[in-house]
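**Q** Pulled from Swiss-Prot, these are the listed features:
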BINDING   Gly88, Thr91  Na(+) binding site
TRANSMEM  16-36  transmembrane segment
TRANSMEM  42-62  transmembrane segment
TRANSMEM  80-100  transmembrane segment
TRANSMEM  113-133  transmembrane segment
Amino acid sequence: MSRRSSFPVHLHGRSMLLVFVGGALGTAARALLSAAAPTVAVISVITFVINVIGAFVLGWLLESLALRGPDEGRRRDVRLFAGTGVLGGFTTYSAFAVDTDGLIVASNVGGGILYAAATIAIGAAAYLAGIALGAAIGCRRGVSA
């Protein structure tokens with residue numbers, strides 16, 4: 001067994017670099033979109049949109065990669081760079097939490113609960129839709145696990 005293979009993949013320098021660079025790009029994209037988007041009441045609408053889009057794309061990406069074979073080589077690199085890095089940096093749980101807290105602090109507890117529940121439910125639905133799209137495209141191309 002080589003020294004490199006004895007380390008978990010997340011401790012390999014290449015893996016860390018892929019996640020770091022992807023995360024920087026995803027964070028920059030989110031920052032640019034957030035700066036250009038309006039705030040409604042005390043929440044940033046773009047945070048909701050970014051998180052839903054990110055969930056959808058992550059579902060599609062992971063399903064597409066899974067259908068193409070084991071999580072190794074190029075597929076692993078794509079998952080680490082695009083999934084963990086870009087989409088991890090693009091989506092934002094912290095801004096979602098701040099938006100929810102902002103509604104609650106502004107004495108809109110119901111709005112905070114609704115915003116949180118809607119974000120989670122719609123994000124989960126978007127993720128499942130992304131998986132379905134990845135599976136449908138994979139079936140059309142004749143790709144199977």
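Using the three backbone atoms N, Cα and C, a Cβ is placed for every residue, glycine included.
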**Q** Around Gly88 (Na(+) binding site), how many other CB atoms lie within 10 A of its CB?
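**A** Its Cβ shell of radius 10 Å holds 19 other Cβ atoms.
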**Q** Six or more residues out from either end of the transmembrane segment (16-36), which same-chain residues have a Cβ under 8 Å from its Cβ atoms?
**A** 10, 44, 46-47, 50, 77, 80-82, 84-92, 95
**Q** Report, as a single number, how many Cβ atoms besides its own are within 10 Å of the Cβ of Thr91 (Na(+) binding site).
**A** 21
**Q** Is Thr91 (Na(+) binding site) helix, strand or coil when read with DSSP?
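**A** For Thr91 (Na(+) binding site) - judged by DSSP and reduced to three states - the answer is coil.
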